[in-house]
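Asker: Relevant sequence annotations retrieved from TrEMBL are reproduced here:
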- A:6-27: transmembrane segment (TRANSMEM)
- A:48-72: transmembrane segment (TRANSMEM)
- A:78-100: transmembrane segment (TRANSMEM)
- A:121-140: transmembrane segment (TRANSMEM)
- A:160-178: transmembrane segment (TRANSMEM)
- A:190-217: transmembrane segment (TRANSMEM)
- A:237-255: transmembrane segment (TRANSMEM)
- A:276-300: transmembrane segment (TRANSMEM)
- A:320-348: transmembrane segment (TRANSMEM)
- A:394-416: transmembrane segment (TRANSMEM)
- A:423-441: transmembrane segment (TRANSMEM)
- A:461-485: transmembrane segment (TRANSMEM)
């Protein structure tokens, strides 16, 4: 049955952000036929906009659905999202201003641009670009899964609403570029904050308080079949919990959409301040995770865990507020989907099209290619979800997380040193990709946790971390050999001081 | 003392940013139900607390290394 009240509120907010998305083209006006303006918003976003943009970008609709869904089925394991989003920021604080400075100085639009400049290696840059695009595609598709869950909860069947939503998204991304998700993110984030603050006051009050909620979950989770859950993680799960948090944290800012968010800010200070301010979202994410626990206490029974939170909201809130909350989640899917596809468009244009297809291309043509590729990526994601089973997107997303972490040595270590040889990094990347993929397949995609056996000790851990270790070992050994053989390591167009530089503009602003 | 060497000297504070890793990556130290706080098991409120503490720590490091 269609929930008309919820649906009306939902549509109202959807129309609102559509208007915002298209008018965003006029905001901080720039020449949108230039990739720096269209795809990076002219690198002019200040602390507040960057906070909304990165918040909307990193804490995606899929997170809002998948994390509580995991809490609902497995319990404490799902809470790794909290330490994950704690430890990401000290890393961002130290490392990302270096990437910003060197990119500003040399006009790098993507992470692959940087690697190319650092090593004069288009093959290494290509490897990074392809990894980024492959990891991003299923991520975009999964945003649509988040949207699907709330649309279904309002009683709407069929794929049509999803198609309409995606066409709207494609329209304003094309017209406004990164300015559209940046502006929409402000609305979306405020809606998410309102929803969650209401949820943490109202739902526990109705369910008899947090003490009671945790108590019920503690009784119910161990009875889950086939795998029993638990409210507190047991000794066997410690290493998995820690490596999942660490691996996900190190991987997050290697994703093209995160790099886009960083590069679009107007200065190093903006990034550093945000490293201290973004944890506000992590705090909210913790409570979103607890919605899964609340769903247990509220007696929500569903075969599909992704429906647990939408069903909880419908049960505990009046229809109009459920519509508001669902709109927040759906718009929460549009923001990252838009940024991710723009980032993938930038990558393709800069590191594949301009590198291999048309090196002499004009700035206008470059921007046009980026826009068209972004559109193709979005339609591809839609096709992924409409035509193929959802599990495929989920499996690919799991692989994507493992893959993207394999770009860590080439991207992050290279911000500090050129000790590594470019071909050593390439070989390490290849080894990491192979090992990580093999581990995921060996697990039949059931889990991203792989148990390694060292003699008699068994250590379960995030496959991405194991693959990264292999990656590093190979990169180091290969570098030692290549250096001994005196193989040329390419020319470096960057200088040591490029990584520390404040831009003149940002110092004035 | 000029600006850049002053900045270099203050860089020692960056080591403080290791604290969030140490306190969160060893769940054996916080994976218990008791003591509870406002109904929250220790496992949960401890991690919520560190969201706030690590944000404050990052802001502190930002201010002293500026």
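Cβ coordinates are placed from backbone N, Cα and C, and glycine is handled just like the others.
Bear in mind that the values here come from a model prediction, so they are computed numbers and not experimental data.
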Asker: Cβ under 8 Å to the transmembrane segment (A:394-416), counting only same-chain residues 6 or more beyond its ends: which ones?
Answerer: 95, 98-99, 102, 111, 114-115, 118-119, 124, 127-128, 131-132, 134-139, 141-142, 145, 247-248, 250-251, 254-255, 425-426, 428-429, 432-433, 436-437, 439-440, 445, 448, 463-465, 467-468, 471-472, 475, 499
Asker: Quick one: do the transmembrane segment (A:423-441) and the transmembrane segment (A:48-72) reach 3+ CB pairs under 8 Å, ignoring pairs fewer than 6 apart in sequence?
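Answerer: Counting Cβ pairs under 8 Å (6 or more apart in sequence), the transmembrane segment (A:423-441) does not reach the transmembrane segment (A:48-72), since there are fewer than 3.
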Asker: Sort out for me which stretch, of A:160-178, A:237-255, A:276-300, A:320-348, has the most Cβ pairs below 8 angstroms to the transmembrane segment (A:48-72).
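Answerer: Between the candidates A:160-178, A:237-255, A:276-300, A:320-348, the best contact partner of the transmembrane segment (A:48-72) is A:276-300.
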Asker: With the transmembrane segment (A:237-255) as the reference, find which of A:121-140, A:160-178, A:276-300, A:320-348, A:461-485 contributes the most Cβ pairs under 8 Å.
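Answerer: Per the Cβ under 8 Å count, A:461-485.
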Asker: Which listed stretch (A:6-27, A:78-100, A:160-178, A:190-217, A:276-300) has the most C-beta pairs under 8 A with the transmembrane segment (A:320-348)?
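Answerer: If we count Cβ pairs closer than 8 Å to the transmembrane segment (A:320-348), A:6-27 scores highest.
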Asker: Near the transmembrane segment (A:276-300), which residues from the same chain, at least 6 beyond its ends, have a CB less than 8 A from one of its CBs?
Answerer: 47, 51, 54-55, 58-59, 63-64, 67-73, 75, 78-79, 81-82, 85-86, 89, 92-93, 189, 192-193, 196, 199-200, 203-204, 207-208, 212-214, 216-217, 220-221, 231, 308-309, 311-312, 315-316
